[in-house]
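Here the structure comes first, spelled out in structure tokens, and everything after it is commentary.
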């Protein structure tokens with residue numbers, strides 16, 4: 001077990017393109033950190049830099065107290081779970097689990113013990129002598145996790161481990177990963193593009209955009225106080241409404257802001273509400289209803305109970321403490 | 001391009017060493033020697049060699065024998081290619097119609113691939129043997145006199161048949177694969193549009209098969225030019241009267257039997273240029289694929 | 001098949017049967033001839049049905065051969081052919097898989113040049129550099145040796161390209177997982193790459209074995225000692241009988257024996273053979 005520190009970490013490709021810039025993250029021992037962002041934001045690259053699969057051009061990465069910038073992946077005491085699992089197709093599940101230990105010259109009895117423990121935790125005992133191709137997607141996923149567990153590493157690195165599974169299995173495995181991490185208490189760094197997955201798994205979220213950190217915080221902090229318009233639009237579903245402040249001059253306290261953000265669930269229908277919304281489309285989700293429309297040319301979406309009355313025009317209101325204000329130029333939050 | 005690589009610098013050279021050593025010693029160095037020797041000429045006693053510039057090449061151009069060899073090679077390569085590809089295509093189209101029996105036909109048609117060109121030559125030499133062969137006997141019955149030992153055209157016919165025979169399996173397998181790659185829906189659509197089997201073949205199948213056909217065209221020409229040495233040497237030895245003296249055979253004969261190193265080297269250089277041209281065609285043109 | 005046309009099906013079968021017969025004719029004639037005695041050919045044409053001398057002819061060739069032609073017994077020549085074919089096939093696979101590994105999984109200066117050196121061998125078949133290659137091999141003292149028969153032929157661009165292609169299609173994550181699991185390059189090569197390339201190696205082996213067995217010009221050039229004659233090259237020396245007419249029944253018995261191993265390989269391993277043939281042409 002160990003903490004992981006990223007100190008001004010950056011990466012510039014030989015061609016001069018910057019992939020990652022000025023990343024600072026302190027991960028405490030046992031913490032579950034999720035790197036989240038749209039595809040191409042550099043989150044996988046950052047994870048692979050921690051793993052030692054990509055070179056680091058600036059800054060310093062420490063695992064525990066040890067600077068690992070130039071250390072081989074095998075010597076970093078980390079284990080990784082890949083998106084496509086990367087199980088060795090010609091080896092049985094048992095051999096897959098044991099391979100890393102064997103290369104480290106772990107005694108035979110110790111290997112057997114760890115493999116059996118991992119198999120029990122993950123309930124893959126009956127598959128130990130099968131080849132990966134004889135397993136279902138969910139089972140392969142468990143074997144990939146098992147390969148990480150048997151190593152008893154200082155940290156787990158997960159690279160979108162659930163994105164090859166169907167939606168239902170994804171939810172089950174998500175819960176299992178969370179539970180497993182709690183139980184083992186191993187420091188974990190997890191990459192995903194799915195903000196829901198990020199919210200549910202993370203002790204703390206790191207939101208990345210274009211190779212830079214937009215915000216670090218607990219899921220609720222990030223949700224309640226998004227640090228920028230990017231985070232505001234990325235975290236939460238349906239996404240926060242981001243309205244040009246000039247379209248809603250009547251909202252109190254917004255005079256100095258460029259953009260006003262209001263979450264769909266914070267906009268409520270009220271006969272005397274200041275915002276007038278022209279309804280364009282309605283999506284029935286069963287438990288609630290999404291209503292899309294616009295006000296003064298700005299698109300907005302609200303959620304409402306499925307039984308509430310609908311009309312072509314709705315009057316809406318929002319509590320002042322539910323308004324998020326952002327700077328017009330930088331997009332940064334204004335308190 | 002791999003995303004992840006190993007960083008060792010010495011190891012890759014150790015891994016490449018055997019291949020590079022053999023390539024250098026047995027390929028690049030002799031090829032360089034051939035080029036160098038093509039500019040030299042030995043005197044009659046093989047004691048003194050002198051640099052003669054392009055004289056060996058000029059001598060080739062002026063040599064009626066070499067010009068004859070070029071012509072023989074062209075006739076031979078074209079005949080082998082057409083005969084072998086034609087027969088193979090016919091077989092492949094027929095097999096493509098078969099469901100259950102295609103495997104057994106395939107087995108019965110692919111084995112000649114494994115026969116050495118020299119052995120193929122011996123077999124056909126025996127079948128066409130003017131005194132005891134089966135085919136001259138049969139031809140004699142219909143009043144045709146076969147004697148490839150004296151008749152240049154018949155000699156050419158013999159080496160063409162022997163060479164084409166061996167290549168049928170190869171062409172057949174690639175044609176079958178090419179035919180199977182054509183979606184059945186296209187032919188079905190054509191059938192619904194009222195095209196009969198023969199029309200369908202010429203309008204749909206053959207055009208869509210053109211990448212395979214073109215690829216095989218190049219491969220067969222290369223085969224006929226370079227891999228048929230054994231056929232010639234085991235049968236006609238270039239005769240009668242130079243009628244089957246293809247370029248590869250002439251290089252060997254002039255170099256080893258005739259001991260004319262300078263001329264043989266110049267011929268080697270010409271052949272190298274030909275192979276390079278054919279390889280470039282194969283890689284450039286085939287890469288792009290003749291397709292619609 | 002799109003519509004049911006019995007006529008067309010019968011025609012197809014006829015074409016194929018005719019094809020099979022034409023393709024098989026030389027083999028049949030050779031086999032028949034190899035089961036007769038020399039006197040059976042004196043009547044003018046050869047018989048069309050097998051005779052009773054099969055075992056006699058074949059065992060004679062295997063054991064003693066035809067002394068007048070200066071060739072050793074066929075058993076000896078087949079052994080030589082087998083050694084050459086195995087050395088060429090295994091040698092080519094070994095050096096090609098190593099070079100492909102170096103080219104795909106490492107970045108080093110002059111990598112492009114190394115790649116081109118290998119590529120160039122495609123354009124330099126033995127046939128176009130006969131005399132100088134012979135001189136090199138003679139200079140190295142490799143005439144009349146198994147090394148001389150095989151080593152000059154084991155450089156192969158085709159096999160290297162095949163393995164390169166195989167490696168390129170393997171997922172990157174496999175190397176990454178192996179690196180995290182503590183495997184260095186050679187361990188990765190041995191534990192992951194080699195086992196995963198097994199079927200490709202087998203398919204390639206079939207093709208290369210045939211290639212090696214069927215070599216003609218090269219053994220003809222560098223063997224003058226009958227002890228090193230290979231069967232494919234020896235057969236021609238036998239057909240060029242010194243005392244006039246070749247002994248056709250014995251030559252044909254030899255020809256059948258020369259064909260047997262590679263043909264058996266093609267028919268017995270048809271699937272691998274087709275795979276190898278198609279892959280090496282990519």
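Glycine is no exception: its Cβ is also placed from the backbone N, Cα and C atoms.
TrEMBL entries are annotated by machine, without manual review.
Range annotated as transmembrane segment by TrEMBL, chosen from C:192-213, C:214-235: C:192-213.
Within the listed segments C:113-131, C:170-188, TrEMBL records transmembrane segment for the stretch C:113-131.
Record note: among C:12-33, C:34-55, C:12-33 is the stretch given as transmembrane segment by TrEMBL.
Long-range neighbours of the transmembrane segment (C:82-106) within the same chain, counting only residues 6 or more positions beyond its ends whose Cβ lies under 8 Å from a Cβ of the stretch, are 114-115, 118, 146, 149-151, 153-156, 159-164, 166-168, 175, 185, 188-189, 193-194, 197, 201, 204-205, 208-213, 215, 219, 230, 261. Beyond its flanks by at least six residues, the transmembrane segment (C:248-267) meets 27, 30-31, 33-38, 40-41, 46, 53, 57-58, 60-62, 66, 74, 78, 81-82, 85, 206, 209-210, 213-214, 231-232, 234-235, 238-239, 273 of its own chain at Cβ-Cβ distances under 8 Å. Same-chain residues lying 6 or more positions outside the transmembrane segment (C:12-33) and placing a CB less than 8 Å from one of its CB atoms are 41, 46-51, 248-249, 252, 255-256, 259.
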